[in-house]
Amino acid sequence: MASFFKIAVICLVMLVVCSNARVIDVDDDYLMDFAASKRGGQTCYCRGGSGPTGGFWGGQNCPAGMTSCRKNILGNCCQKSKEGTDCDI
């Protein structure tokens, strides 16, 4: 009976810990910056020194007349050129 009680307590503790994502506080900003630099999101720019219109994540589309300048998942939206892309990667 005592071992059953111990197992029940362990299961209850694990349930509480696993259901609360903030039990272990994580520095989300640091992780996002680290992931962005690893995926090349910070090194993808528009040609001609023109700034990008903003970053996007993989599932999003760029506005009309623009193309995605990206490496892997992160990137920027730049003006479309005659060649079809206006990105410096």
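Each Cβ is built from the backbone N, Cα and C atoms, and glycine gets one as well.
Cys77 (disulfide bond) falls within a strand when secondary structure is assigned with DSSP. Its Cβ taken as reference, Cys77 (disulfide bond) is surrounded by 23 other Cβ atoms within 10 Å in the chains shown. Annotation source Swiss-Prot lists disulfide bond at Cys44-Cys77 (among others).
According to Swiss-Prot, the feature disulfide bond maps to Cys46-Cys69 (among others).
Marked as disulfide bond by Swiss-Prot on the basis of similarity to another entry: Cys62-Cys78 (among others). Mapped onto three states, the DSSP output places Cys62 (disulfide bond) in coil.
The signal peptide annotation in Swiss-Prot covers 1-21, and the record cites sequence analysis as its basis.
Cβ-based crowding with a 10 Å cutoff singles out Cys78 as the top-ranked of the disulfide-bonded residues Cys62, Cys78. Comparing Cys62 (disulfide bond) with Cys77 (disulfide bond), their Cα atoms are 6 Å apart once rounded.
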